[in-house]
Amino acid sequence: MAVCKKYITAEELKKHNKREDLWISVQGKVYNVTDWIKQHPGGDIPILSLAGQEATDAFIAFHPGTAWKYLDNFFTGYCLQDYEVSEVSRDYRKLCVEFAKAGLFEKKGHGVICSFCFIVFLLFLTFYGVLFSDSFLIHMLCGALLGLTWMQISYLGHDSGHYVIMTTRGFNKMVQILSGNCLTGISIAWWKWTHNAHHVACNSLDYDPDLQHLPVFAVSPNLFKSLNSMFYGRELTFDSLAKFFVSYQHFTFYPIVCISRVNLFVQTLLLLFSKRKVPDRFLNILGILIFWTWFPLLVSTLPNGTERVLFVLTSFAVTGIQHVQFCLNHFAADVYVGQPKGNDWFEKQTAGTIDIDCSPQMDWFFGGLQFQLEHHLFPRLPRCQLRKISPIVQELCKKHNLPYRSLSFYEANKWTIRTLKVAAMQARGLLWEAVNTHG
């Protein structure tokens, strides 16, 4: 085990916060991960977001115990001179140890098998109805079933992206490509790239890509300042077009979300054919080609153009429910501007998430993501364990006077629309000011 011989301050550590000179601290020990980010399985964005900082809680959240032994390879010999652990972090780390000892991270239950069977059943009904029925209503029902199938597939892909759901990592990767690329047309590489950044920088307006939806949506007036996206490496321009769209976003939210899948298809293609390093690029492209073979062929078997368009729109609208859920979990929560801080990991997750209160019978529909805070705190925890740990997380939040928000699906929608409306009214004021100024 590496032993500390020299010490540096947190201010000195902050100087090593660039891609070409990148240090982090884990449990007070300082590591040089400049070269490691090029091969980090979780990508470079999560490490860059916490560059030059103490990052113990984030490291614990995303890595199994087997990862600790690799840290010594990057040890600089330095330790943080002013390293302290807050009471919140101390309790959080204690919970992680207790959950690990209880085997909760390994107990996946029968959820994966049940999900596979359910997905196969839904796909069978969809194809059978489209190919062997002449009924317009049956075809529309099949479109809805396909949308529901995509929702369930996405949950399975999400699980496989956070922890190994299969017997080996090779089989796990196969499930990721199959569930993401082949069956939904959305690249698992794109998902990992954006999702890992979202988890690390939860609700940071300039670091979290899940809140960067200009020109169509803005959850905070801070986005009116044309912030620079640290994720995309470009300005989030709030121009006249953005002012117009945002001014009516509380009306356009649901219609746009119904077709938001088109944006995911575009984002997938932009990444896969970009110059950015993409893990398993060939497999990702092959999977996308498979999707764009079977999906158009299935749609083409419908009797006329009207049914084909309505079938696609129906499938997109149903799976849009899932996109709404993603927004409910974060849009109305607290936001901030700036780099995420490694020393307030627990606090940032509680501030930036909203749970959806539902009965256990509806867990399949929400895919475990109704326990958004629990998932953000323990992303490697199988979804079947999230309901079990929820009371423990609530008690910890209560102990440290931190928010734990759990709303009904209806109330969460109200909160989200209210948030969008508040920003819209402020944008509308800017819009009319611009119109009056320029005639």
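Cβ coordinates come from backbone N, Cα and C, glycine included.
Automated prediction, rather than curation, is the source of TrEMBL annotations.
Note that the structure is a prediction, hence the values are computed from the model and not measured.
Copied from TrEMBL, the annotated features are:
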type	residues	note
DOMAIN	5-89	domain 'Cytochrome b5 heme-binding'
TRANSMEM	111-130	transmembrane segment
TRANSMEM	136-153	transmembrane segment
TRANSMEM	174-191	transmembrane segment
TRANSMEM	253-273	transmembrane segment
TRANSMEM	282-302	transmembrane segment
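Across the candidate stretches 111-130, 136-153, 174-191, 253-273, the maximum count of CB pairs under 8 A to the transmembrane segment (282-302) is reached by 174-191. Tertiary proximity for the transmembrane segment (111-130) is limited to same-chain residues at least six positions away from its ends with a CB under 8 Å from its CB atoms, namely 138-139, 141-142, 145-146, 148-149, 152-153, 155-156, 159, 165-166, 298, 301-302, 311, 364, 382-384.
Panel annotation: around the transmembrane segment (253-273), residues 185-187, 189-190, 193-194, 216-217, 281, 284-285, 288, 313, 316-317, 319-320, 323-324, 327, 416-417, 420 of the same chain, lying at least six beyond its termini, place a Cβ under 8 Å from a Cβ of the stretch. Mapped onto DSSP classes, the domain 'Cytochrome b5 heme-binding' (5-89) shows 33 helix, 22 strand, 30 coil.
Note on the transmembrane segment (136-153): residues 115, 118-119, 122-123, 125-126, 129-130, 179-180, 183-184, 302, 307, 310-322, 364-365, 367 of its chain, located 6 or more positions outside it, place their CB under 8 angstroms from a CB of the stretch. With a threshold of 8 Å between CB atoms, the same-chain residues lying at least 6 positions outside the transmembrane segment (174-191) that come near it are 149-150, 153-154, 156-158, 160-161, 165-166, 264-265, 267-268, 271-272, 278-281, 283-284, 286-288, 290-292, 295.
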